[in-house]
Amino acid sequence: MTNSSSPLQAVEVRTYPIFTVRWLAVHALAIPTVFFLGAIAAMQFIRR
């Protein structure tokens, strides 16, 4: 019986960087979006 884990050892684990161009683009859009949604939601509770 052969060892079934030996072919799996040839796969190397790739570590990706956290801060990429995609990360910057997503957060450049997501952070102001969440801020404005929170501001609009807060405006709903303002009574004159």
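Keep in mind that glycine also has a Cβ here, set from the backbone N, Cα and C atoms.
Under the heading transmembrane segment, Swiss-Prot lists 23-39.
HIS27 (heme binding site) falls within a helix when secondary structure is assigned with DSSP. Of all Cβ atoms in the protein chains displayed, 11 besides its own lie within 10 Å of the Cβ of HIS27 (heme binding site). Look at Swiss-Prot and you will find HIS27 tagged as heme binding site.
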